[in-house]
Amino acid sequence: MSLMSIRLKLSSLLMGIAIFAIGFGIIYAILYYIGLNIGAIALLMVLLPIFIIMDIVQWLFGPYMIGAVYRTHKLQPTEPEYNMLTSIVSEVARNNNIRMPEVYIAEVDMPNAFAYGSPIAGRRIAVTRGLLRILEPDEIKAVIGHEMGHLRHRDVEMLLAIGLIPTLIFYFGYTLLFSGERGRNAGGIVLLAIIAMAASFLFRFLILAFNRMRESYADVNSALTVDGGAEKLQTALAKIVAATGRTGRYTRRRRNTPSSSVTEMLFFSNPNQSANEDYRKLLEEWKTAKVSLFADFFSDHPHPAKRIQRLEKLKMS
């Protein structure tokens, strides 16, 4: 395990703990202010199980909803990509010391890949038709190494758990605001309720930062578990962004503009294969681009230039 991998693992772990601690600290502070009355505690005891159940249901059945949205189907032996993809996924799973996930094809043109799963659906990795068209097999292997990192690190479960915190805080504040049981502290309780609802919004930025760390951690996983993974993942990322025809938003001319995540951009862009020829130029620009600390503040993925430069360091280590 590299020093960078250890640092990202510890940083995201500490941030996750901090999110839980701050979240429940806010709830405790509200309860303390209003006197830990039975009604407020009962409200919390009702809300918490409800949202935990909702999270569990989303986790268990989410893969089926994802499959419906992105028109995924399990890779069949009759498909031309079967041997190549099963060989790649099997090898990368073996390198990561985890059981081989099921391989799915998403019948969409946007170049992308994603890892998901649940105890009911099992672990899955899906690649889109668009991705298969623009990447070489060794680049696909690097992308699979990234997605395998998400499965290995249990990122889906972690994000669902952490995402519960702002939701709980919001509805706790919302219910207090309209509960009608404020007594003499009516003004203070209304203010606390509004602060709690505002805090739940600000928590989203912490969760985005947490997710960016996990994405970087998955990049490092690919670099460490796939031969030549760092270089191939760099090329794959440049090709994917170039193929969307939206490269302008990541060039130096606009480096101070907060960017959307690569995944979000892919979900909302139509592929432009003619732009693919520019990926080498784009890659070289990213290697030396000076990116603002806040360039990806509103994104759930690191700015592509940050990812490329981190992978460049791994190549040299």
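In case you wondered, yes, glycine gets a Cβ from its N, Cα and C as well.
Residues 40-41, 44, 158, 162, 165-166, 168-169, 172-173, 176, 185, 188-189, 192, 196, 199, 203, 206-207, 209-210, 213 of the same chain lie 6 or more positions beyond the ends of the transmembrane segment (14-34) yet place their CB under 8 Å from a CB of it. Under the heading transmembrane segment, Swiss-Prot lists 14-34 (among others).
Counting same-chain residues at least six beyond the ends of the transmembrane segment (41-61), those with a Cβ under 8 angstroms from any Cβ of the stretch are 27, 31, 118-121, 156-157, 160-161, 163-164, 167-168, 171-172, 175-176, 179. Per Swiss-Prot, the feature transmembrane segment maps to 41-61 (among others); the stated evidence is sequence analysis.
Here Swiss-Prot flags His146, His150, Glu215 as Zn(2+) binding site. The secondary structure of Glu215 (Zn(2+) binding site), as reduced to three states from DSSP, is helical. Other Cβ atoms within 10 Å of the Cβ of Glu215 (Zn(2+) binding site) number 25 in total over all chains.
Per Swiss-Prot, active site is recorded for Glu147. For the recorded site, Glu147 (active site), the DSSP three-state label reads helix.
Under the heading transmembrane segment, Swiss-Prot lists 158-178 (among others).
Positions annotated as transmembrane segment by Swiss-Prot, on the basis of sequence analysis: 189-209 (among others). Same-chain residues lying 6+ beyond the ends of the transmembrane segment (189-209) with a Cβ under 8 Å from its Cβ atoms: 15, 18-19, 22-23, 26-27, 30, 33-34, 159, 162-163, 165-167, 169-170, 172-174, 176-177, 182, 297-300.
Note: the Zn(2+) site is recorded as His146, His150, Glu215; in the same chain, Ala115, Glu147, Gly149, Asp155, Arg214, Tyr217, Ala218, Asp219, Asn221, Ser222 also have Cβ atoms within 8 Å of that site's Cβ centroid. When the Cα atoms are compared, Glu215 (Zn(2+) binding site) and Glu147 (active site) turn out to be 9 Å apart. Within 10 Å of the C-beta atom of His146 (Zn(2+) binding site) sit 26 other C-beta atoms, taking all shown protein chains into account.
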